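Q: First the structure, which I've put down as structure tokens, then a few questions once you've had a look.
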Amino acid sequence: MKRKVAVIGAGVSGLAAIRSCLEEGLEPTCFERSDDVGGLWKFSDHTEEGRASIYQSVFTNSSKEMMCFPDFPYPDDFPNFMHNSKLQEYITSFATEKNLLKYIQFETLVTRINKCPDFSTTGKWEVTTEKNSKKETAVFDAVMICSGHHVYPHLPKDSFPGLNRFKGKCFHSRDYKEPGTWKGKRVLVIGLGNSGCDIAAELSHVAQQVIISSRSGSWVMSRVWNDGYPWDMVVITRFQTFLKNNLPTAISDWWYMKQMNARFKHENYGLMPLNGTLRKEPVFNDELPARILCGTVSIKPNVKEFTETSAVFEDGTVFEGIDCVIFATGYGYAYPFLDDSIIKSRNNEVTLYKGIFPPQLEKPTMAVIGLVQSLGAAIPTTDLQARWAAQVIRGTCILPSVNDMMDDIDEKMGKKLKWFGNSTTIQTDYIVYMDELASFIGAKPNILWLFLKDPRLAIEVFFGPCSPYQFRLVGPGKWSGARNAILTQWDRSLKPMKTRVVGGIQKPCLYSHFLRLLAVPVLIALFLVLI
């Protein structure tokens with residue numbers, strides 16, 4: 001008899017979970033509170049309680065070759081960085097092509113998940129749902145939670161003295177949809193994340209003045225990287241990860257900061273992070289530096305206090321006549337249908353083994369998919385998480401002991417503090433994390449073996465983009481088209497730009513970084529010979 005799995009949410013994480021369950025012979029039932037798939041990427045012109053929300057102009061920060069489901073490339077003519085409507089089209093196409101829609105119960109709200117009385121022996125869960133004011137409870141062998149992120153806004157009003165006296169508008173970026181309302185107004189955006197920068201840059205075209213207040217600064221990256229290629233196809237490679245993790249810290253930090261400052265000097269723009277060597281996820285915005293140069297956006301430090309019409313910053317400067325304050329201050333995690341102690345088992349912090357499994361459960365029958373954040377794309381990450389989780393639920397993969405899992409969490413927390421600083425998010429190194437998950441299910445590519453067996457593919461895998469197709473080359477869920485997808489990824493990336501053909505397709509030299517590094521010892525050797 002097939003094991004029944006409840007999947008909560010039909011965004012990209014939920015679809016990955018459904019598909020992984022089917023691949024492992026499990027029986028998924030997905031509960032989605034809205035009327036469509038897509039989750040965060042399904043745009044609505046109004047906000048709804050308990051649902052993720054985006055603004056109309058949102059584009060992806062990851063390119064199409066790096067953020068696809070590993071066996072489902074985007075159409076050739078799709079742009080590298082997509083408008084949310086284009087990504088929603090892809091997500092819907094994936095759900096349809098993989099025949100996943102029949103496993104989803106739409107407009108169904110999960111109100112409660114409880115352990116069954118015999119949980120310690122069976123690992124089963126009682127899931128209560130509500131649809132059309134009618135409640136139902138069903139028993140499942142396992143639960144995969146694929147919601148809860150980007151839903152519950154973090155609005156730290158208590159951190160800003162005098163805000164209660166402020167007479168202008170005040171709201172979270174979750175409620176922002178389009179700029180027209182604020183034409184000719186003076187707007188303060190608090191927060192220097194992706195949403196804050198996007199909203200500030202967009203508003204600066206219609207508002208009288210826009211100020212961004214940032215407590216700690218941030219690196220701001222462009223989607224357009226060296227020689228005009230998508231940033232992640234150049235930066236997220238196994239070779240660069242190898243260098244970062246093996247070079248002396250001083251050299252690694254120097255190289256990282258050099259990359260971050262390649263486009264412009266962050267100090268000159270007031271954007272420089274307080275600790276520039278931390279690998280916190282940077283902000284992606286192609287327009288912000290230009291808006292700062294044009295004077296329509298200014299960067300200020302943290303707000304010290306508010307008055308009825310102004311904000312006083314920590315440097316003593318004042319922004320007068322404010323019409324609106326937008327808090328782009330991120331989101332918290334919340335699972336109102338679940339006992340908090342299951343996910344936040346220690347110090348009220350999210351405590352999950354590999355960012356997925358609650359370690360204290362007697363049976364490993366609950367998994368949280370899509371909570372981990374890294375510099376890589378969400379879709380391939382959730383796909384690999386779901387594949388491993390499905391195998392654990394099926395029983396083909398076994399988790400370590402509780403003590404070992406807690407020790408691993410502590411170790412990862414220490415590394416997180418070193419590389420990413422103090423943050424409430426579960427942040428990790430993308431390629432290291434993906435390889436770790438892939439190794440659990442036998443899907444990690446063996447690079448050395450590839451160099452012997454298929455040198456052309458090995459060169460692309462090691463020096464080229466660490467694209468999602470790499471994790472369907474071998475093992476369970478192997479895709480026969482993975483090799484060709486890897487070898488043709490640059491063609492698909494460049495095709496939508498060839499609307500005016502002026503020459504052949506110019507692919508990047510995969511060895512460029514290697515050759516630059518090789519030049520250093522050569523120059524040193526020449527210097528020693530000459531003297």
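Don't overthink the numbers, they just go from 1 along the chain as shown.
Just so it is clear, glycine is given a Cβ too, placed from its N, Cα and C backbone atoms.
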Q: Going by Swiss-Prot, Gly9, Ala10, Gly11, Val12, Ser13, Leu40, Trp41, Asn61, Ser62 bind FAD; tell me which of Glu23, Glu32, Glu49 is listed for that site too.
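A: Swiss-Prot names Glu32 for this FAD site.
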Q: Could you tell me the C-alpha distance between Leu40 (FAD binding site) and Asp198 (NADP(+) binding site) in angstrom, no decimals?
A: 16
Q: By Cβ count within 10 Å, point out the most packed of the recorded positions listed: Thr60, Asn61, Ser195, Ser401.
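A: Going through Thr60, Asn61, Ser195, Ser401 one by one, the largest Cβ count within 10 Å is at Ser195.
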Q: Just how many other Cβ atoms lie inside 10 Å of the Cβ on Cys197 (NADP(+) binding site)?
A: 25
Q: Going along the chain, which residues six or more apart from Ser13 (FAD binding site) have their CB under 8 A from its CB?
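A: In sequence order, the residues whose Cβ lies under 8 Å from that of Ser13 (FAD binding site) (at least 6 apart) are Gly39, Cys146, Ser147, Ile369, Gly370, Ala378, Thr382, Gln385, Ala386.
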Q: Express in Å, rounded to the nearest integer, the largest CA to CA distance found among the FAD-binding residues Gly9, Ala10, Gly11, Val12, Ser13, Glu32, Leu40, Trp41, Asn61, Ser62 named in the record.
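A: So the binding residues stretch over 25 Å, Cα to Cα.
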Q: Can you tell which of Gly9, Gly196 has the least company, meaning the fewest other C-beta atoms within 10 angstroms of its C-beta, among these binding-site residues?
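A: Across Gly9, Gly196, these binding-site residues, the one with fewest Cβ atoms within 10 Å is Gly196.
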